[in-house]
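According to TrEMBL, the protein has these features:
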ACT_SITE  119  active site, nucleophile
ACT_SITE  123  active site, proton donor
COMPBIAS  281-319  compositional bias 'Low complexity'
COMPBIAS  320-330  compositional bias 'Polar residues'
COMPBIAS  331-357  compositional bias 'Low complexity'
COMPBIAS  358-370  compositional bias 'Polar residues'
DISULFID  24-31  disulfide bond
DOMAIN    20-255  domain 'GH16'
REGION    281-370  region 'Disordered'
SIGNAL    1-18  signal peptide
């Protein structure tokens, strides 16, 4: 089966929710500590509205709420509704109940993403029914032929709710559907752990348009063709999100955790210091009271959504009786647009980054491995997988890794 791997959705000027970047990559330079979720678990019922612990990144979409959950509706090609957690987890357990969006060129995703660009994914391509793709990346900046990707059969993901999860420790990574482990990746099986995602990560959920008219031919092909907005709206419903931080261990911590400090540039879990303490905030200011001391570092951010996948196959998860009762969701429902509020100081939102491509390379590996194709100005080749780097100014780099645009400052 031809791999379907590409992720790009550049929206209007400003923050794009299908665009992933970090202001500081700890494998390249000294970076700030990541604010920790710690023992403050997230149990988010999105049928009741937006919950604490998440921020909406896309300002073009008014997310509404009903008994069906948070409606991530796409009416035009510039929308990419995305929620991101305000805090990071350093290993942990995540469960998201979702009914993905159907539609040619429409992509739904659940992602764990770190400042190092470690990544763990669930992804649905709306033109392909009956399956979901799992994927992961470790030490994204290092060239490798290692491929962490698989397809999983799942019953009617566009009309039925399922709960998709990750259970992630330093020794293994499980992907779960409806509480059942459908895939396990052991640390040592990811090139001796060197390609295993292992650094503090945010949780991101969202949808975006792969079949956007301004996207590259390769991306549009992967997405199944141009998205026909005469068929809009394209709706995904996220009903609940549960997040537990393991704080570097195998279970939730008893003590409060303030942050995760990067002690070196190795990109490994051993290079992360777990700083105990409690964040203290007031209406006018926010401060922290650490129990242990980490080195002082500048402020960073990792925002928005990015995922990517390819193919293999697995078992079918069946739950025909789990379909929710249909009820209308009024498009005029009014909710607070959280994207207009001031973002958390721990997760600052970057401004638009301009770039000028000045250097490209081309590498193509043998079939079956992770193929790499570098391209100029969005002109891409269709390969098993795409990994392109476009170098611009000396401070900004756009990296299209396995199909995901990643801005690095």
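Cβ coordinates come from backbone N, Cα and C, glycine included.
Note on the active-site residues 119, 123: the fewest other CB atoms within 10 A surround the CB of 123. Note: the CA-CA distance between residue 24 (disulfide bond) and residue 123 (active site, proton donor) rounds to 26 Å. In this structure, the CA atom of residue 31 (disulfide bond) is 29 Å away from the CA atom of the residue listed as 'active site, proton donor'. Taking all protein chains in view, 21 other C-beta atoms sit within 10 angstroms of the C-beta of residue 31 (disulfide bond). In this structure, residue 119 (active site, nucleophile) is part of a beta strand by DSSP. If you draw a 10 Å sphere around the CB of residue 24 (disulfide bond), it holds 19 other CB atoms from the protein chains shown. Per-residue confidence over the domain 'GH16' (20-255) averages 94 (mean pLDDT, predicted model).
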